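S.K.: Here's the feature list from TrEMBL:
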DOMAIN    1-278  domain 'YjeF C-terminal'
TRANSMEM  21-44  transmembrane segment
BINDING   GLY92, ASN146, TYR147, ASN148, GLU149, VAL150, LYS151, TYR152, ASP215  (6S)-NADPHX binding site
BINDING   164-168, 205-214  ATP binding site
Amino acid sequence: MQFKRKIPLNSESSVKGNNGITLVIGGCGLYTGAPYFVSLSSLLSGSDLSYIFCEKETLIPLKVLLPEAIIVEIDFHEWILNRVSVCVFGSGLGRPTKEKCEKICRILEYLMKRNIFIIIDGDGIFFYSNNFEFFQKYKNIVLTPNYNEVKYLKDNNIHYVLKKGFVDVIEYNDRKIEILNRSHEIDDTNQNVLASTEMTLFKPIFVKRCGGQGDILAGILATFLSWTKTAEPDDVTDSIKTASIITRKASEFASKKYGMALKTREIIFEIQKSMESVFK
């Protein structure tokens, strides 16, 4: 597989962070699991470090669930923002207050200036659809909406026009707006559609759907995009495709073991086996 060449080679000179540092922005009183699954999936697929910015009431639960991550309240922590190599925004975010939204915009704007990939997932899709003008000029964005989250885009008159290979035009309030032709979309409903008019990655397989599978995809994709040194369409495609394949294989391996008792936690712990299978 072509992507295998992007996997970092560790050596005596390697330092912590060489394999990627993921930032997850999300987690509220109602949704604690989503940022946990994203962060853990990123670590298990190869990232060295993971930071989580979450709401205050989620700090202690997340610290107990995942002591491997550095977890702080959502705020402008510049020293962290200078370290991270990729960001997953929106997992378990809920509906933050206006004050919190202003902080989030400041954080995202800073990351955009650093030109790193931002994966918009979960509640971030709702935030994106309601703050479209804020995001429209930034090129390194990957959207991972599920079936219901796609509706947020449509409800706000944002419709994607698929061109060859990539989504590079958005229809917004009957206006066509160019997005520097590098915004990408995965529909993770079946994890089989890349933002392409023709490319289908998988034959359908029947795996129980459970909450958190999209979070696994976002976490793995975060790691792989941090290994992608350029924003060239082919490189991004390769990262997205490989993350989708590994997520699907991990789900398949776990499903064979647990059947209808399948939960997201079981899928996560098949990531290593899935990667070994894909990269052998």
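Just so it is clear, glycine is given a Cβ too, placed from its N, Cα and C backbone atoms.
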S.K.: Would you mind reading off the Cα separation of CYS210 (ATP binding site) from GLY92 ((6S)-NADPHX binding site), to the nearest angstrom?
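M.R.: Checking the Cα atoms of CYS210 (ATP binding site) and GLY92 ((6S)-NADPHX binding site) gives a distance of 15 Å.
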S.K.: Cα-Cα, whole number of Å: ASP215 ((6S)-NADPHX binding site) versus LYS208 (ATP binding site)?
M.R.: 15
S.K.: What is the nearest of the binding-site residues LYS208, GLY212, GLY214 to LYS151 ((6S)-NADPHX binding site), using the Cα of each?
M.R.: GLY214
S.K.: May I ask for the distance between LYS208 (ATP binding site) and GLU149 ((6S)-NADPHX binding site), taken between their Cα atoms and rounded to an integer number of Å?
M.R.: 20
S.K.: Quick check for the class: what is the C-alpha distance, in angstrom and rounded, between GLY92 ((6S)-NADPHX binding site) and GLY212 (ATP binding site)?
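M.R.: GLY92 ((6S)-NADPHX binding site) and GLY212 (ATP binding site) have their Cα atoms 10 Å apart.
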S.K.: Test of understanding: give the count of other CB atoms lying within 10 angstroms of the CB of GLY214 (ATP binding site).
M.R.: 25
S.K.: Return the residue, from the listed binding-site residues GLY92, GLY212, with the maximum count of other C-beta atoms within 10 angstroms of its C-beta.
M.R.: GLY92
S.K.: Around LYS151 ((6S)-NADPHX binding site), how many other C-beta atoms are within 10 angstroms of its C-beta?
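M.R.: Counting Cβ neighbours of LYS151 ((6S)-NADPHX binding site) within 10 Å gives 14.
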S.K.: Counting every protein chain present, what is the number of Cβ atoms, excluding its own, within 10 Å of the Cβ of CYS210 (ATP binding site)?
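M.R.: The answer is 14.
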S.K.: How many Å lie between the Cα of GLY212 (ATP binding site) and the Cα of GLU149 ((6S)-NADPHX binding site)?
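M.R.: Checking the Cα atoms of GLY212 (ATP binding site) and GLU149 ((6S)-NADPHX binding site) gives a distance of 14 Å.
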